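Visitor: Quick one: the structure is below, and I'll ask about it shortly.
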Amino acid sequence: MATIAPHARVFCAADTDSLSSALDLAREIKGAVGGIKLGLEFFGACGPAGVTAVRAEGLPVFLDLKLYDIPNTVAHAVRALTPLGVDFMTLHASGGPAMLQAAVAAATAAATEFNVARPQLLAVTVLTSMDKSDLEAIGVAADPAEQVLRLARMAKAAGVDGVVCSAHEIKALRAELGPDFILMVPGIRPMGADHGDQKRVMTPAEAVAAGADHLVIGRPITQAADRKAAARAIATELGS
Ligand SMILES: O=c1ccn([C@@H]2O[C@H](COP(=O)(O)O)[C@@H](O)[C@H]2O)c(=O)[nH]1
């Protein structure tokens, strides 16, 4: 099995509406991270052409649009997005098994149709900005750990490649879902960093020690005075 350099586990979240800012960031931190995550803000402003331009920088791209709709609509969205050739895409696990299965089938068919690699599909479980009281507010009595495990089991059975979860759930997910199920982990904060709106957080080293495949880190890098130094410090913490 190929070993992955510790820093290559990190996807930096380029939460920006500016293509030039995203490209600057990618060029600045290339070599200190493993990829770039593009989300709704970027896609809304820069669209598929923006994704293609960032991809051309040569870093793996994680397109985090968190699709959530009826199965037919999600399947068509996945078909439309697959030719972009990104490495990872997200959809909400709470869309349920039929939605997830439709997405997997659509990605597989579109990869053949457009002759690109199939994106790895990741199901978002419980947002890392939510705690037990937030779940209660939307009518979920389970605590985050139970709810994440329930959604991840369901998502795996539906055929997705992995989940987005917080670092607090990694050990339970690994124990039950095995070593090959991808765990993409946001809510990562170096020691002493501002948590902002994130509620279920862990440090980069703790999350990797717990068994994360990939870490998503945004503001601790993007809002640093020296973004390259911030990314390098995280790489050093991880052992690169
Ligand atoms: O549960 C989730 C799912 C996705 N995210 C995304 O990750 C980054 C985190 O950014 P930070 O600045 O490091 O907080 C952001 O793009 C979110 O949309 C998440 O945080 N939690």
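Cβ atoms here come from the backbone N, Cα and C positions, even for glycine.
Summarising the annotation, TrEMBL assigns domain 'Orotidine 5'-phosphate decarboxylase' to 9-234. Annotation source TrEMBL lists substrate binding site at Asp15, Lys37, 64-73, Thr128, Arg189, Gln198, 218-219. What TrEMBL records for Asp64, Lys66, Asp69 is active site, for OMPdecase activity. Residues or ranges marked as active site, proton donor in TrEMBL: Lys66.
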Visitor: Got a sec? Which of these recorded positions, Asp15, Asp64, Asp69, has the most Cβ atoms within 10 Å?
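Guide: Within the set of recorded positions, the most crowded position is Asp64.
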Visitor: When you measure from each Cβ to the nearest atom of ligand 1, which of the recorded positions Lys66, Pro71, Thr128 fall under 6 angstroms?
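Guide: Passing the 6 Å Cβ check against ligand 1: Thr128.
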Visitor: Determine the Cβ neighbour count for Leu65 (substrate binding site): the number of other Cβ atoms within 10 Å of its Cβ.
Guide: 18
Visitor: Please classify the secondary structure at Lys66 (active site, for OMPdecase activity) using three-state DSSP.
Guide: strand
Visitor: Are there residues of the same chain, six or more positions away from Tyr68 (substrate binding site), whose CB falls under 8 angstroms from its CB, and which are they?
Guide: Val74, Leu91, His92, Ser94, Gly95, Met99
Visitor: Non-local Cβ contacts of Gly218 (substrate binding site) (under 8 Å, 6 or more apart, same chain)?
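Guide: Looking at Cβ-Cβ distances below 8 Å from Gly218 (substrate binding site), excluding near sequence neighbours, one finds Cys12, Ala13, Ala14, Asp15, Lys37, Pro186.
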Visitor: Just jot down the residues in the same chain as Pro71 (substrate binding site), at least 6 apart in sequence, with C-beta under 8 A of its C-beta; none if empty.
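Guide: Correct list: Gly95, Ala98, Met99, Gln101, Ala102, Ala103.
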Visitor: Work out how many Å separate Lys66 (active site, for OMPdecase activity) and Thr128 (substrate binding site) at their Cα atoms, rounded off.
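Guide: Cα-Cα, rounded: 14 Å.
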Visitor: Neighbour count, 10 Å Cβ-Cβ cut-off, for Thr128 (substrate binding site): what number do you get?
Guide: 25
Visitor: C-alpha of Asp69 (active site, for OMPdecase activity) to C-alpha of Thr128 (substrate binding site): distance in Å?
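Guide: Rounded to a whole number, the Cα-Cα distance is 21 Å.
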